[in-house]
Amino acid sequence: MTGRCILQIALLVCFFTTAHSVSYKLLGFQLRSSSLECQELLVNLNRTSKYCLKDRMNFEVPEEIKKSQRFQKEEAILVINEMFQKIFNIFSRSTSSTGWNETTVENLLATLHWQKEHLETILEEIMEEENFTWDNTTLLNLKKYYLRIVRYLKAKEYSVCAWTVVHAEILRNFFFLERLTDYLQN
């Protein structure tokens, strides 16, 4: 799996380092591939427990994320980047209590890190080439959403059940990420 991931990253770096303008279809394809890789890694981590049902919580995904078709493509890239960044930050925290395979967590973090670095480069390019303005309300709501997740983990002292709940929530995030990347390909 690691070899496949490295080959995929190398090919994508070749595609994007020579590009001077954003190809949204190609970017959408690449993001979908990366998101699927992350989902696969997250599924491999799963050790759900019915005993954790009492710990479930509604973290309240921002409405604007649920309705991604309202974004401009540049805004969608900004939101996707923020989501990858926050997911990376969450899984960079102490996962030792989970019993998860450390290699799988490291592969997840590597994929997320590469993706967010790549998106930041593309966002810089967009900002340079286009007269792009953005309403910060969506990003603020998104940051508050992820802050609720982090506070939940801290309040539950990073317990196995807390991580189980957060794991399920992050998997749900990839549903929204898929919709955003599909939007880029249209």
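Using the three backbone atoms N, Cα and C, a Cβ is placed for every residue, glycine included.
For 1-21, the entry in Swiss-Prot reads signal peptide. The feature phosphotyrosine is assigned by Swiss-Prot to TYR24, with similarity to another entry given as support. Feature annotation from Swiss-Prot assigns N-linked glycosylation site to ASN46, ASN101, ASN131, ASN136; the stated evidence is sequence analysis. The feature disulfide bond is assigned by Swiss-Prot to CYS52-CYS161.
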Taking ASN46, ASN101, ASN136 as the glycosylation sites to compare, which has the smallest set of other Cβ atoms within 10 Å? ASN136
By CA distance, which of the glycosylation sites (ASN46, ASN101, ASN136) lies nearest to the residue listed as 'phosphotyrosine'? ASN136
Nearest recorded site to ASN101 (N-linked glycosylation site) by CA-CA distance, among recorded positions ASN46, ASN136, CYS161: ASN46
Which recorded positions are spatial neighbours of ASN136 (N-linked glycosylation site) here, meaning Cα within 10 Å, out of ASN46, CYS52, CYS161? none
TYR24 (phosphotyrosine), Cβ-centred 10 Å count of other Cβ atoms over all protein chains shown, is 18
What does DSSP call CYS161 (disulfide bond) in the simple three-state scheme? helix
For CYS161 (disulfide bond), what is the tally of other C-beta atoms lying within 10 angstroms of its C-beta? 17
Determine, from DSSP, whether ASN101 (N-linked glycosylation site) sits in helix, strand or coil. coil
What count of other C-beta atoms do you get within 10 angstroms of the C-beta of CYS52 (disulfide bond), across all chains shown? 18
